[in-house]
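Trainee: Questions regarding the structure given below will be posed in turn.
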Amino acid sequence: MKNNRSVCYLLYVFGLVGFFSLANEFISSDVYISDNGLLPGLVQSQFKSENVSKEFLAGIKEEIRRSPEKNLNVWIASQFQQLGLDVSTQNFVLQYNIGPDINLSGKNIYGILRARRHSSKESLVLAAPYRQTNSTFTDTNGGIALMLALAKELRSASFLAKDIIFLISDHEYLGVQAWLEAYHRVAPDAGLIYSEDLQFRAGSIQAALNLEIPQSVVSRIDIKIQGLNGQFPNLDLINLAHLICRKENIQSSFQNLIDSDNESPFFKKYLGNIRTMLLMMLSQATGIPTGNHGLFHQFGIDAITLTGYFELEMHSNESESESEMHSRVSYQKLGRVLEGIVRSLNNLQERFHRSFFFYILSGTNRFISISVYIIPFLIMVASLLLRALSSWSSIVEFYSEGKYSTHFDLDGVIGIVVLCHLIGSCSLLIPSAAVKLGLNYFNLDTAESVYYGFLFLSVTVASLFMFPLKTLNAKALRCIAHIEMVTLMLAIAVQNISLAALLAFFVTPFFLGITNTRSRKSMIFNRLVILFTHPLVILHMVLLLHIYISFPEGTLTTILLKSFTEVQRSMMDSIMDSYIYGNKIYYIIILFYFPIWILNWLAAGQNESCCISC
């Protein structure tokens, strides 16, 4: 196929345009509730405990004032006990196995409200992280106060068909991970989280809500859905939360963005939708949860986070104080939203399964299903597959005619492929080895040691694999690398379409850009092209762009230094997330993407006049 490169680029452009067209309202669909058992329209919230919420919040503030550096476990436990809940605590310790020995201890507290007329076979979880005054995150005292008020409201409810577990976690993700592992009796990996067993348990957890409501004024609720490794909850749970918020006249948002008005111009609505969609995809691609809810997904539990924000809406005829009063959402309304969601979940006859688990959201009321977004993705992937098949067909043609049979070494090609993947597997040992060397001999901290360890590995591999190949051998390696890349993207797309799509967006044009000419300038150009697809180079460029957008007033030197530090921190965070929580991004890059990059780096150098046969 003579014009295969042009066809490949054309497919890539079609796929890219198709993906950006997904945010168009003519392609996306309106959201809807699939599980009629939720009965959100028939739920009548009876929450009237605004004063009770304020009393609990005042009690929290008083305890913090008395001992700001201490945890509220004792006070919260006493409140749960007074409400008649089964109350217990759970101690846990995190022990780092990379770098210097660091032990981080914490304590979770939970209370279980038993359903009066039903056996404890099913349950729901209401969770909130406790953040001390010195935390870099916004406090969640408002959410804790609402949980206590709702527990008081529901303790005499006769409609409860499921136990309600109220969980106050310590140290953000760590506390939730320790509690979930103990609840499901999952043995953690050795050398990481050590936690106590739980004294009390309820039934199988059907769904979970995580609350991040501050003690200050709230004007809207942002609903966070991204979970570990890009998992999403069932779409019905998200739609339920937005529906209950609208029912109580509370503005809800997604990705911290508010939907455009229905009367807005078409282009303005499209820009808002594409912005929401891209932010969601960037967040999902990292595999990092956007809240504590994200750790429930790995146990088959649908969960979301409700986060409170305040934005002042100024009106022309009102003062700032009057506008604040109109923008403020009362604790009674927040409590009614929480109760409405809990009562709808209480109606569930079985786990969420009727709606979508694979989707992309372009707003609070628009979604793109897997049957729609998979088409442009497959078109982009097809461009790389077509290029691989074209390379292989040329090899078969030349080999069958006997023109270059002496210049093609199949055994050598297979050996190189195996060697590249062995290098990727051995790269898993780099963090521990680099940290020991960095701490003991070069006075580097953990993050610096890991960064320079992978940098040294990359430079060494690139230097050792600089030798040129015969044309057919280079084509064979390129064909194998492209097929492996296509397979990797398709496998990732099953769970994390955003990561797969972003890989296709960025990597495909570079891989297609490798030329087949045999001049020295062509070899240098090919290797420069492949260099841009190295994991470290991609990470540097992404974080440099992010910091430039976030801090446009900074000098070039400041931005470069800050991005360099962020790259080191991001690498270390990715490794620790993989060890502690099971984030797969690190393993995908090291075990699969890095070997593919080595194959492309080697295939980028071809020279027919060279005597090396492999």
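Yeah, the Cβs are placed from backbone N, Cα and C, and that goes for glycine too.
Copied straight from TrEMBL:
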TRANSMEM  367-389  transmembrane segment
TRANSMEM  410-430  transmembrane segment
TRANSMEM  450-469  transmembrane segment
TRANSMEM  476-493  transmembrane segment
TRANSMEM  499-516  transmembrane segment
TRANSMEM  528-549  transmembrane segment
TRANSMEM  585-603  transmembrane segment
Trainee: Does the transmembrane segment (367-389) come close to the transmembrane segment (585-603), meaning at least 3 CB pairs under 8 Å for residues 6 or more apart?
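Mentor: The answer is no, given that the two segments have fewer than 3 Cβ pairs within the 8 Å cut-off.
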Trainee: Tally Cβ pairs under 8 Å between the transmembrane segment (528-549) and each listed stretch (367-389, 410-430, 450-469, 476-493, 499-516), then give the stretch with the top tally.
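Mentor: If we count Cβ pairs closer than 8 Å to the transmembrane segment (528-549), 499-516 scores highest.
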Trainee: Mark yes when the transmembrane segment (410-430) and the transmembrane segment (499-516) have three or more Cβ pairs under 8 Å (sequence separation 6 or more) and no when they do not.
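Mentor: Checked: the transmembrane segment (499-516) vs the transmembrane segment (410-430), no contact.
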Trainee: Which one of these stretches, 410-430, 450-469, 476-493, has the most C-beta pairs shorter than 8 Å to the transmembrane segment (367-389)?
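Mentor: Going through each listed stretch, the top one turns out to be 476-493.
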Trainee: Residues of the same chain, at least six outside the transmembrane segment (410-430), with any C-beta under 8 angstroms of its C-beta?
Mentor: 450, 453-454, 457, 461, 473, 476-477, 480, 587, 590-592, 594-596, 598-599, 602, 613-614
